Amino acid sequence: MRVLYERDGDVSIIRERVVAVVGYGSQGRAHAMNLRDSGVEVVIGLRPGPSFDAAMSDGFMPRSVQEAVSIADVAMLLTPDECMADVYAKAVRDYLRPGASVAFAHGFNVCYNQIPIGNGVGAFMAAPKAPGHMVRETYIAGWGTPHLVAAKPQCEHLRALAVSYAIANGGGAAGIIETTFVDETETDLFGEQAVLCGGLVELIRAGFDTLVSSGYEPELAYFECMHEMKLIVDVMNRGGVAALNESISNNAEYGEYVSGPRVIGAAVRSAMRRVLNDIRTGRYAKDFIMEGRSNSPTLTACRRAVGEHPIEAVGARLRSRMTCAHGT
């Protein structure tokens, strides 16, 4: 797999176009500010509200989504996945200029045919592999965020446009990898659900609950199962698992080898395959889309339960007393 850098693309391609950023959440703000700082003309498409005010505070003059799209060569859709198809149908599709392209930072709505691409409309994806605030922070720092890019239909014009956009958004410094809408979507969802969010959060809570229910102090359980997680991940992020094992004690490393597979064993791997199958068959997407159409009852209930878990109160209390938790 080839990794592209700034020298492998032409940032002037996107600089010659007007980009409408539709949405001004975490990703929308990062894209808009990075593109502007890279010399791209950016217009913001928003409804009145807090995001509208935030964009104005950042020096933009937001317009309605329809107006922003109608004057743009590229419409980058950065609204939440669950409402993007509705925004596209009502405020984007019929307002695109001839020859304009639709862009995405995640392939969900294209992969699952919520936004059909065709009838002369080209689409590309420039997906930074980090939350929005980190996309902005790494751009400012000069090392950027890795990007995945794709085009539909697959043609050199859209490919070059996607790479150019990724460079302007900071990807040229960190690396740009070509993929497809389907592969980006399926791997992204699996990583979030099985490892980065779903798997990791459940692992932390299970460890915390095991220690507390066995009679250990909640504060000790928090330190061992949550606080130290970042320290471990930072080492792995810099040098991989081998670097981690070089930095820990022989006792910790031996425990990794003999107990890790007991926790993450055959049953977990089988569950991961079932999660991936739900993603690949579209079952998860169908459930998520219906969740959004039903006013998100599962999300609401689960968010409430997360806030009520004992680890949250313990963590908040300890973090308020630790200068290291505040970056000082």
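Placement of Cβ uses the backbone N, Cα and C atoms for every residue, glycine included.
Checking the candidates GLY122, GLY132, GLY142, GLY144 against Swiss-Prot: the one annotated together with TYR24, GLY25, SER26, GLN27, ARG47, SER51 at the NADP(+) site is GLY132. Remark: ASP188 (Mg(2+) 1 binding site) has HIS106, GLY107, ALA127 as non-local neighbours, by Cβ distance under 8 Å and separation of at least 6 in sequence.
On a Cα basis, GLU192 (Mg(2+) 1 binding site) lies 23 Å away from GLU224 (Mg(2+) 2 binding site). Taking the Cβ of GLU192 (Mg(2+) 1 binding site) as reference, residues of its chain lying under 8 Å away and at least six apart in sequence are, in sequence order, GLY198.
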